[in-house]
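Take a look at the structure below.
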Amino acid sequence: MSKTHQKVVLIGDGAVGSSYAFAMVQQGLAQEFAIIDLNKKRTEGDALDLEDATPFTAPKLVYGADYDTCKDADLVVITAGAPQKPGETRLDLVDKNLKIIKSVVEPVVKSGFQGIFLVAANPVDILTYAVQKFSGFPRNKVVGSGTSLDSARLRVGLSKLFNVSPVDVNANMMAEHGDTEFAAFSSATIGGLPLYDLAEAKGISKDDLYKLEDDVRNKAYAIINSKGATFYGVATALMRISRAILRDENAVLPVGAPMSGEYGLKDIYIGTPAVINANGIAEVLEVPLDEREAKAMADSAKTLEEIAKNGMAKIQG
């Protein structure tokens, strides 16, 4: 990965993709930003619109492109996929989005791309797994957005409950980016203090925390029911992961990471903190879990494994 000229390709110029493109331009990340979508007229329009923002941020070449452009990219970000509609769960999207992902990954690999994949299309844990299988890439070079957005939602909720800044909250949602996710409260801290100790001192009960966990789990549905889709939060989460990759930060972020025995799991992508740098996932950090959390992780993994197995069997067979 070049330090002087970095290239990012976005595949999927819908609400999430275009919001991500805007976030990347605002942050001045990468010198070249290409956008691929079936709707080429939209990508051309977005590229022209984003180009007008570059004098206020940093010089950047922004343009609509095709898959051949991926050849020398450092990072390919996939947001393409059918959106989650009101009343749908993320797992309801499996079959149709697996087909879309397969149609995307094959031409990217054919182009000669050798960089990092970052996946955000839902259900993201299963689609990240599928990208790795379809591409044949080393597992560290395929990263899912995982529970990055969910963890941000948890930190915002805890910041309100404890009346502190969310930047001083260190807490993660883990497992599926979806209905079986859970809050790892036992390892959470606020200002370096264990969350449970601080909660007890402030008279905040575990029931209060579990209610917050449920609110976080359902926040996406509230947003979708109000405005039709979520995109600003996840786009910013994608920008943060991209920054860690492009700047080789060794940042610890909650992402969709491949399991190699962590939490007793193998051959699955699931939400957990990991070290992110120019190589993608440099290290998976196995967070100590209490009994409640360990059961939730195992149950979530079982759900993902079953759906991934069935979905991949359909598309491959």
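Note that Cβ sites are derived from N, Cα and C of the backbone, with glycine treated the same way.
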Next item on the list: Given that Swiss-Prot annotates Gln84, Arg90, Asn122, Pro123, Val124, Asp125, Asp150, Ser151, Ala152, Arg153 as substrate-binding, name the residue from Thr43, Thr230 that shares the site.
Entry: Thr230
Check: Of the recorded positions listed here (Ser103, Ser145, Tyr221), which is spatially closest to Gln84 (substrate binding site) when Cα positions are compared?
Finding: Tyr221
Notebook entry, point to check: Which of the three DSSP-derived classes (helix, strand, coil) applies to Ser145 (NAD(+) binding site)?
Noted result: coil
Notebook entry, point to check: Taking just the CA atoms, what is the gap between Val124 (substrate binding site) and His177 (active site, proton acceptor) in Å?
Noted result: 7
Notebook entry, point to check: By the DSSP assignment reduced to helix, strand and coil, which category contains Ala121 (NAD(+) binding site)?
Noted result: coil
Next item on the list: State the Cα to Cα distance, in Å, between Tyr221 (phosphotyrosine) and Arg42 (NAD(+) binding site), rounded to an integer.
Entry: 27
Note to self: Radius 10 Å, atoms counted are CB only; among the recorded positions Gln84, Asp150, His177, which position scores highest?
What the structure shows: His177
